[in-house]
Amino acid sequence: MNLERRKVENVKKAVRPYDYSLLVAVLLLCSSGLVMIYSASIGVTINKYDYSSSFFFTRQLIFLIAGLLFMYFTMRFNVQIYKKMMLPIVLVSIGVLVAVLIFGREVNNAKSWLYIGPVGIQPAEFIKLTLAIYLAAIYSKKQGKMHDFKKGVIPPLSIFAIMFILIILQPDLGTALIVAGVAGIILFCSGIKFKHIFSMAALAGIVGLGIYFQLSEEQLSRFDAAYAPFKNPAGDGYQLVNGYISIAAGGITGSGLGQSIQKYGFLPEPHTDFIIAIIAEELGFIGVFLIIALLGYIVLRGFWIGMQSDDTYTSLLAFGISGMIGIQTVVNLGAAVGLLPITGVPLPFISYGGSSLLLFLTSMGILINISAKVKLNKKVPEKQPSVKNKSLKAIL
């Protein structure tokens, strides 16, 4: 029996049917992001920071190379390793979040950064993946108890609550929203009863209202700017109004790569959370559509991988990673068009930001790894079949 299982494992290690469509989509997005970061940051580097025109491009390229290495390693590692290392990963993550509040540097009125020499990282970015791994691991073990709200559903959420509160204290509302969304998706896909879903939604609404009433005047002004930017176009609505101008100027085909006017001192930080406005101005609706289509494909493909997996843990993890990318995309684009407040959330794979790029490439390595395992299990079935997530399949 052991000999047969070893043969199966040897075959699986020798032939890994990686999901090349996901790889291509990720590489296209990352290369597009590099090009657009170079184009969008020219005005900022020269006028605001007095750097070389390739400063942000070079830094992002370094993070891209590091991120691709992370993706390669996570493509090769056994996904079950993260499940076994769950406790130390969670403890380290909480410790780092506490360290940010104590030793972190304040940027844009948020204490979200830790600096190691000249290199700054945002630990809260990696909490998105940490939480996905933790909840996927815990709820996969509690499949027989998901009907019990007190014993099956609530206990794992205590860790989520700690992470959520530490992120809110920075304050980083954008990341907190995404973390809550990832938790909600995994919880829903784990087979929770619908009546419990409504209870959790009501609780989330109450917490949301509580947070809203505790916001500072500056944070509240972001809501006003999102829903009435022309009320104060030279003040709170300045960034959004100039984003609108960029988007409108691009039309269908755009003004041409590198031809944006708004990036020269009009649109603040055009290479970060408002990079989609520069893409719209230079590449038009067609360019924006292609970027969104690639991101949408990754999200839908990820959910499909989750549905195909017979292992509850990897299934929930695939859903969590896909949901994370999808929610962050919606939050970024929603802010750029005034549907959501501006929270500084970067566009996955496109916006400038090393922490964000490392997070998403690492996550994609895990997702591609899960996809390869799904394909291998179909080609070389296990002698002892994995547990079927019947409740999850029923929901989906």
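Yeah, the Cβs are placed from backbone N, Cα and C, and that goes for glycine too.
Feature annotations, courtesy of TrEMBL:
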{"type": "TRANSMEM", "residues": "20-42", "note": "transmembrane segment"}
{"type": "TRANSMEM", "residues": "54-73", "note": "transmembrane segment"}
{"type": "TRANSMEM", "residues": "85-103", "note": "transmembrane segment"}
{"type": "TRANSMEM", "residues": "115-140", "note": "transmembrane segment"}
{"type": "TRANSMEM", "residues": "152-169", "note": "transmembrane segment"}
{"type": "TRANSMEM", "residues": "175-192", "note": "transmembrane segment"}
{"type": "TRANSMEM", "residues": "197-215", "note": "transmembrane segment"}
{"type": "TRANSMEM", "residues": "274-300", "note": "transmembrane segment"}
{"type": "TRANSMEM", "residues": "312-337", "note": "transmembrane segment"}
{"type": "TRANSMEM", "residues": "349-370", "note": "transmembrane segment"}
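The list of residues near the transmembrane segment (349-370) in space but at least 6 beyond its ends in sequence, with Cβ under 8 angstroms from a Cβ of it, reads 18-19, 22-23, 26, 29-30, 32-33, 36-37, 41, 56, 59-60, 62-64, 66-68, 70-77, 79, 82, 119, 121-123, 125-126, 128-129, 132, 271-273, 275-276, 279, 291, 295, 298, 302, 305-306, 309, 314, 317-318, 321-322, 324-325, 332. When the stretches 20-42, 115-140, 175-192 are ranked by Cβ pairs under 8 Å to the transmembrane segment (274-300), first place goes to 20-42. Of the recorded ranges 54-73, 85-103, 152-169, 175-192, 197-215, the transmembrane segment (20-42) has the largest number of C-beta contacts under 8 angstroms with 54-73. Under 8 Å from some Cβ of the transmembrane segment (152-169) lie the Cβ atoms of residues 90, 93-94, 97-98, 100-101, 124, 127, 130-131, 134-135, 138-139, 142, 145-146, 175-176, 179-180, 183, 187, 192, 196, 200, 211, all in the same chain and six or more residues away from its ends. Among residues of the same chain six or more beyond the transmembrane segment (197-215), those with a C-beta under 8 A of the stretch's C-beta atoms are 149, 153, 168, 173, 180, 184, 187-188. Residues 79-80, 83, 128-129, 131-133, 135-137, 139-140, 143, 174, 177-178, 181-182, 185-186, 189-190, 226, 240, 243, 247, 273-274, 276-277, 292, 295, 298-303, 305-306, 343, 345-348, 351, 360, 363-364, 366-367, 370, 373-374, 387, 389, 392 of the same chain sit 6 or more residues outside the transmembrane segment (312-337) yet have a Cβ under 8 Å from a Cβ within it.
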